[in-house]
Each structure stands twice: as C-alpha cells, then as structure tokens.
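Taking it in order: structure first as structure tokens, then the write-up.
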Amino acid sequence: ALADTALRQCLPCGPGNRGRCFGPGICCGVELGGCYVGTAETRRCAEEDYLPSPCQPGGQPCGSGGRCAADGVCCSADTCAADASCLEEGSERAEEAAEKNLTVLDGSAGDLLLRLMQLAGRQQGRQPGLL
C-alpha cells in the first residue's frame, strides 16, 4: 500500500528529454536553461493526467506550493515565476541578484540618511514655539 502512494518523478520532456513536467503545459529543466510553457515541448506533460500515480517534480519547495524548476524559476502545476530562492549558488544570475539587492539597500540607506539630515536641518532653523 505504501508503494501505491509513493510519489514518482514526473515524466521527462523537452528537447532530448532533458526537462521534467511541472504541470500539463509546463516543462522545465536546468539543462534546458528555463521552462517551456504551452509549447510543443510540453505536449508529453499532458499525459501525466492519465497516469494512475501522482508525481512530484524535483527541486526545492518555493513560492506558494511550487518547486524550483530552473535557475531562478519557481513553478507550480499552473504557472511559473522568477524566484531568487531558486538561484543556484555561485551562478552568474545569483551574483547579479546579490549585487542588485546590495545596490537597492545602499540606495535606501542613502535616501534615509539624506531625509534625516533634511529633517534635522529644518529643526535647527525653527524658532521655539513656532510650528
């Protein structure tokens, strides 16, 4: 009975069967460089609906019930989205994302500092008792 409920790996798909099905119209793989959605490469994935046992795509859990499907991509059975938690460590895209986050952080910190200085300057220029 346990073998009946065990999840199997989803069907291979895409060019050279280098991807895995994530839904009836989604085929993804690191070797594919991303995902095919609703294309000829996903036709085989529709067969999953007719197989008696459920499958679970590989990859770490991500997003809302999805799994990491390719570098920086999280997919559920219905959709795919960019997800930084799916970036492979050390990949060029992971390094770019880290740099962008650092830049955003630096920009926010700079904006905050500038705003605080402006507020401090206004406070110094005011006379006591005036609003």
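Note that the numbers count up from 1, one per residue, in the order the chain is shown.
Placed from the backbone N, Cα and C atoms, the Cβ positions cover glycine too.
Residues or ranges marked as disulfide bond by Swiss-Prot: C10-C55 (among others). Under DSSP, C10 (disulfide bond) is assigned to coil, being neither helix nor strand in the three-state scheme.
Here Swiss-Prot flags C13-C27 (among others) as disulfide bond, drawing on similarity to another entry. In the three-state DSSP scheme, C27 (disulfide bond) is classed as strand. Around the Cβ of C27 (disulfide bond), the same chain contributes C13, G14, G19, R20, C21, C35, Y36, T39, E41, T42, R44, C45, each under 8 angstroms and 6 or more positions distant in sequence.
According to DSSP, C45 (disulfide bond) is assigned to a helical segment. Per Swiss-Prot, disulfide bond is recorded for C21-C45 (among others), and the stated evidence type is similarity to another entry.
There are 20 other CB atoms within 10 A of the CB of C35 (disulfide bond), with all protein chains counted. Taken from Swiss-Prot, the feature disulfide bond covers C28-C35 (among others).
According to its DSSP assignment, C62 (disulfide bond) is in a strand. Among the features that Swiss-Prot reports, disulfide bond is placed at C62-C74 (among others).
Marked as disulfide bond by Swiss-Prot on the basis of similarity to another entry: C68-C86 (among others). Taking the Cβ of C86 (disulfide bond) as centre and 10 Å as the limit, one finds 23 other Cβ atoms among all the protein chains shown.
Around C80 (disulfide bond), the same-chain residues at least 6 positions away in sequence with a Cβ under 8 Å from its Cβ are F22, I26, C28, C35, V37, G66, A69, V73, C74. For C75-C80 (among others), the entry in Swiss-Prot reads disulfide bond, with the evidence type similarity to another entry.
A simple way to gauge crowding: the CB of C62 (disulfide bond) has 19 other CB atoms within 10 angstroms, across all the protein chains here. Here C62 (disulfide bond) is positioned 8 angstrom away from C75 (disulfide bond), judged by their C-alpha atoms.
In the three-state DSSP reading, C68 (disulfide bond) counts as strand. Taking the C-alpha positions, the distance from C86 (disulfide bond) to C62 (disulfide bond) comes to 7 Å.
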